[in-house]
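Okay, so here's the structure we're looking at.
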Amino acid sequence: MYAFLGALAFVVWGLVPIYFHELGPHEPLLILAHRIFWSALILIIIGCVKTNWMPTKKELTRKNVGLTALSGFFMNISWCGFVYASISDNLMAASLAFYITPIFVFAIGYVCFKEKVKLNQVFSLVLMVSAVAIYAFSDGHFPILSLFIASSFAVYIALKKMMNIGTFSNLLLEHVLYMPVALIYIAMHSQNLGFNADLLSLVGTAPLQLIPVLLVTISLLKTSLNKMSLLQYIEPTLHFLLAIWFFHDPVSNGQKYALIIIFVSILMSSFKRSSFNHAHH
């Protein structure tokens, strides 16, 4: 059940570039500011109705507040890079970013959380690194934007794993901490934005992003980083398909070959050793 919620979150994120593409006239930071402000407002309203969901004094420790602020920062910069890729007809960069992210998450899980690594996962990781190299350099450009999005989101996931705080409390605190900055930015850059369809489309970014974040937060309660790293491949695969079929982005042969290798890598990583052993009894 927890893994399914994580998968559902990545499906939503995989399709969200269609929505962001329609927000193209607005700069990424303004879209980000609206997402933070309206998400915080929605969470505050929910918290006022469900008072038992609000952060307790025990949860508001210096460690939890600090980690929440830090994770929120990494989430915001990753999200900003993702929006930029979506509205600038650079969705292939976003696709690559979220193919890279599980590699970072996989490494963090092994180094920082001492998660066990199986032999098939090691082979899968080697294949994945090879595929990413082919994918990234097939067009002759170093993937700075992709690495920026990937590394910041991987750190965000790892920081969430380190917190001892309720799901709703964490989400509320994560947005409320950045609400004043978002409001100031909106006030400075939205002088000509009235209450119209344009504003409503910006407000819509809040539930569109809040729901997947909530699903991921719940999923992380019982889902290992190894399994979460597999679920994340749903998002870039949808980005890749959108780039080809919806946005009609050019795709090189190298990128196509890399995608095939990536799928093989995913199958290897998900193949359980217990199944292998059972086949030989």
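Any Cβ shown, glycine's included, is placed from N, Cα and C.
Feature annotation from TrEMBL assigns domain 'EamA' to 3-135.
Per TrEMBL, the feature transmembrane segment maps to 36-53 (among others). For the transmembrane segment (36-53), same-chain residues at least 6 beyond its ends with a Cβ under 8 Å from one of its own Cβ atoms are 76, 166, 168-169, 171-172, 175-176, 178-179, 181-183, 186, 202-203, 205-207, 209-210.
Per TrEMBL, transmembrane segment is recorded for 65-85 (among others).
The annotation transmembrane segment is assigned in TrEMBL to 91-112 (among others).
Here TrEMBL flags 119-136 (among others) as transmembrane segment.
Here the transmembrane segment (142-159) has Cβ contacts under 8 Å with residues 67, 70-71, 74-75, 77-78, 81-82, 84-85, 90, 93-94, 96-98, 100-101, 103-105, 108-109, 112-113, 136, 216, 220, 225, 228 of the same chain, all six or more residues outside its ends. Under the heading transmembrane segment, TrEMBL lists 142-159 (among others).
If you look up TrEMBL, you'll see 171-188 (among others) marked as transmembrane segment. Taking Cβ pairs closer than 8 Å, the transmembrane segment (171-188) reaches residues 29-30, 32-34, 36-37, 39-41, 43-44, 47, 53-55, 60, 64-65, 68-69, 71-72, 75-76, 165, 210, 213-214, 217 in its own chain, all 6 or more past its ends.
Beyond the ends of the transmembrane segment (200-221), by six or more residues, the same chain brings 2-3, 5-6, 8-10, 12-13, 16, 19-20, 22-23, 26, 30-31, 34-35, 37-39, 41-43, 75, 79, 157, 160-161, 167, 170-171, 193, 228, 231 to within a C-beta distance below 8 angstroms of the stretch. According to TrEMBL, the feature transmembrane segment maps to 200-221 (among others).
Annotation comment: TrEMBL describes 230-248 (among others) as transmembrane segment. Residues 3, 6-7, 10-11, 13-15, 17-18, 21, 89, 91-92, 94-99, 101-102, 105, 219, 223, 259, 262, 266, 269-270 of the same chain lie 6 or more positions beyond the ends of the transmembrane segment (230-248) yet place their CB under 8 Å from a CB of it.
The annotation transmembrane segment is assigned in TrEMBL to 254-271 (among others). Here the transmembrane segment (254-271) has long-range neighbours at 92, 99, 120-121, 123-125, 127-128, 130-132, 134-135, 137-139, 230, 233, 240, meaning same-chain residues at least 6 beyond its ends whose C-beta is under 8 angstroms from one of its own.
Only residues 6 or more beyond the boundaries of the transmembrane segment (119-136), in the same chain, are considered here, and those with a CB under 8 A from a CB of the stretch are 96, 99-100, 102-103, 106, 142-143, 146, 226, 254-255, 257-259, 261-262, 264-266, 268-269, 271, 273.
Among residues of the same chain six or more beyond the transmembrane segment (65-85), those with a C-beta under 8 A of the stretch's C-beta atoms are 17, 20, 23, 28-29, 31-32, 35-36, 91, 93-94, 97, 145, 148-149, 152-153, 155-156, 159-160, 162-163, 165, 170, 173-175, 177-178, 209, 213.
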